[in-house]
Amino acid sequence: WEKRWVSSEHRADLGKFKLAAGKFYGDPVRDKGLQTSENSKFYAISSRFKPFSNKGKALVIQYTVKHEQKIDCGGGYVKVFSSNLDQKNLSGDSRYCIMFGPDICGSETKKVHVILSYKNKPHPIKKPIRCKVDGYTHLYTLIIRPDQTYEVKIDNEMAASGNLEDDFDFLPPRKINDPTVRKPNDWDDRLQIDDPNDTKPEDWDEPEYVTDTSAEKPEDWDDAANGEWHYPMVKNPQYRGEWKPRQIDNPNYRGVWPHPQIDNPDYSPDFSIYSYENIGVIGLEIWQVRAGTIFDNFLITDDEVYAEDFGFETWGETEGPEKEMNIKQTEEEQERERVAEEKYFEQRFKKKTERKESGKDGAGRNSITREEL
């Protein structure tokens with residue numbers, strides 16, 4: 001693998017990859033993949049293949065990723081580049097054609113990126129796609145078709161699909177609001193209004209702060225040094241804030257005004273959005289706080305059926321055994337913890353018993369039970 005993958009030299013402190021199947025796996029040999037090995041590092045590595053164009057064909061990008069470490073913040077996505085990429089200088093600034101795969105950071109970010117380059121600008125998908133976060137190996141597949149549709153699959157099941165033009169901001173919108181038409185002046189689109197019958201209570205107005213007359217001047221207060229002493233101001237418990245009338249349903253509400261639409265003169269269809277002319281490199285350019293992610297089973301093809309079959313023959317064959325091994329390891333670890341905990345309390349029980357039995361003249365000896373401890 002080290003002959004087929006080129007590590008970037010863009011910066012000296014990039015993280016290192018190693019070949020490993022991880023702590024649990026379905027097959028010790030087949031499940032070996034590129035694993036991140038150092039915490040809080042940027043990673044950059046890539047592999048070159050014969051350049052091609054997907055014009056007139058589907059483009060399928062597929063791979064497996066396992067966040068064995070239950071990742072808290074880091075990328076698990078791949079990037080596909082044109083063949084002119086300088087692999088030794090791969091970095092976050094390297095221009096890519098496609099970025100695809102899971103990204104996790106805290107509780108907020110748990111998504112699948114689909115970012116497609118169009119006219120040298122990255123365009124992220126507008127749909128949210130949630131990624132897997134359970135620590136097992138998962139199969140991620142992106143399909144881009146000549147009919148300008150796409151599909152994202154996770155574990156060979158559809159997670160999202162749609163039209164490239166609809167779900168990405170590649171082109172100006174087909175329709176725009178008619179600039180010559182304005183909302184009528186008498187169109188009331190306020191859902192609620194102030195209740196005209198609601199009046200402010202007479203005792204409402206209270207100052208926000210009041211003088212604390214219960215305070216006393218400190219004995220060491222020096223008027224010459226500190227100035228004349230004044231009672232301090234404190235928050236007024238009677239202060240109720242700015243009064244506002246209660247809201248009621250607007251009897252004249254007419255709904256949202258439907259602005260008339262016209263064809264956008266700046267819109268021009270492009271039926272080649274799906275097409276990339278010179279794809280030639282796939283790479284991993286990521287940041288990880290906690291290392292341990294394993295990447296494997298990379299595939300780029302124009303055959304959707306082959307990709308699905310390949311996924312079942314790789315990820316599908318080892319999915320079950322991997323989970324079984326992890327469950328077994330978890331149970332064994334829990335048993336070791338239980339035995340260690342029991343041993344710890346046995347020792348405490350023994351020491352406490354010895355202390356009670358060594359009391360002065362043996363007076364006041366009391367028996368102690370395990371249950372008491």
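Note that Cβ sites are derived from N, Cα and C of the backbone, with glycine treated the same way.
Looking up Cys105 in TrEMBL gives a disulphide bond whose other cysteine, out of Cys73, Cys131, is Cys73. In this structure, the C-alpha atom of Cys105 (disulfide bond) lies 13 angstrom from that of Tyr77 (alpha-D-glucoside binding site). For the binding-site residues given as Asp103, Glu285, the lowest number of other CB atoms within 10 Å of the residue's CB is seen at Asp103.
A simple Cβ count within 10 Å picks out one of the recorded positions Cys73, Tyr96 as the most packed, and that one is Tyr96. Long-range Cβ neighbours of Tyr77 (alpha-D-glucoside binding site) (same chain, at least 6 residues apart, Cβ-Cβ under 8 Å): Met99, Phe100, Gly101, Pro102, Asp103, His113, Ile286. Cβ neighbour count for Lys79 (alpha-D-glucoside binding site): 27 (other Cβ atoms within 10 Å of its Cβ, all protein chains included).
The shortest Cα-Cα distance from Cys73 (disulfide bond) to any of the binding-site residues (Lys79, Tyr96, Glu285) is found for Glu285.
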